[in-house]
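Per TrEMBL, these features apply:
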{"type": "TRANSMEM", "residues": "30-50", "note": "transmembrane segment"}
{"type": "DOMAIN", "residues": "43-295", "note": "domain 'G-protein coupled receptors family 1 profile'"}
{"type": "TRANSMEM", "residues": "62-80", "note": "transmembrane segment"}
{"type": "TRANSMEM", "residues": "100-122", "note": "transmembrane segment"}
{"type": "TRANSMEM", "residues": "142-165", "note": "transmembrane segment"}
{"type": "TRANSMEM", "residues": "200-228", "note": "transmembrane segment"}
{"type": "TRANSMEM", "residues": "240-262", "note": "transmembrane segment"}
{"type": "TRANSMEM", "residues": "274-295", "note": "transmembrane segment"}
Amino acid sequence: MSVSNITVFRPSVLTLIGIPGLETVQCWTGIPFCVMYLIAMIGNSLLLIIIRSERSLHEPMYIFVGMLGVTDIVLGTSIVPKMLGIFWFHVPEIYFDSCLLQMGLIHTFQCIESGILLAMALDRYVAICYPLRHAAIFTHHLVSQIAAVVTLRAALLVAPSLVLIKCRFQFYHTTIISHCYCEHMAIVKMAAENVRVNKIYGLFVAFTVAGFDLIFITLSYIQIFVTVFRLPQKEARLKAFNTCIAHICVFLQFYILAFFSFFTHRFGAHVPPYIHILFSSLYLLVPPFLNPLVYGAKTKQIRIHLIKMLYSQNAL
């Protein structure tokens, strides 16, 4: 592919313009994002403190919830401070390498979150379908192995996309990213060279992670529902189903927003850019914001320990 005279050779600084079409109201848009971020940080931090301090919560299900909390904290912190810098302080510049780092963190922890949701679904599957074998199967050693595999899978899948951008592209049409954070396709579209390999690899990673995880999560919950509806007592069915409600809520909101963002970015040519960017930002912010609220409201053990902790603080 020929490179035009207006291209830039290996820019050191890029410019994030925020939300195209909403530049005049970005200062107000930053308020709900900031509130969601603060609630996410406080909520997930409380979850981690409760799970770490209460020995009765040192079980696989709660350990996975804690891992989800760490992932959500990193995801939110990867994008919101810079986003608010653009919206409120008019600091859109970002170093190219910092942009790649942000991209790597975002996509790596997205993959990790998807893997944790799969692990949680498998944990509920074993707990409900094979309750007598759950403790023997989901040991702390297995949980550690799952955490290592999920993290390694994410790192191995995301790292090549960073290398492909860093090593393949030398010339860029522009240094302006029409987004409020550094996202893989937003960076790739700036390149003035053949981006086919990068697009194909991006699709490969998306379908490898989301496709694999979604299939096994769906199969796990189908088997769970079959087992639950076979239980003879209504109370037992309600109790078993209630243990899955929080996981189902988290699973649905994560993947619905993920697929909307993914397909509009690649195939939604007629979708206004500000709609896509708003939803892609919410996709990264809503799960960290909702997860602690969902688990705090629907998980009895966490709710009880939270009330005890708050009561003991008020009594001091």
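From the backbone N, Cα and C atoms, a Cβ is placed for every residue, glycine too.
Just so it is clear, the model here is predicted, and its values are computed rather than measured.
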Item to check | Stretch contact, the transmembrane segment (100-122) with the transmembrane segment (200-228), Cβ-Cβ under 8 Å, 3+ pairs | outcome: yes
Item to check | Close approaches to the transmembrane segment (142-165) from elsewhere in its chain (Cβ under 8 angstroms; 6 or more beyond its ends) | outcome: 60, 63-64, 67, 100, 103-104, 107-112, 115-116, 119, 184, 187-188, 191, 197-198, 201-202, 205, 208-209
Checklist entry - Is the transmembrane segment (62-80) close to the transmembrane segment (200-228), in the sense of at least 3 CB pairs under 8 angstroms with a sequence gap of 6 or more? => result no
Checklist entry - On the 0 to 100 scale, where does the mean pLDDT of the domain 'G-protein coupled receptors family 1 profile' (43-295) fall? => result 88
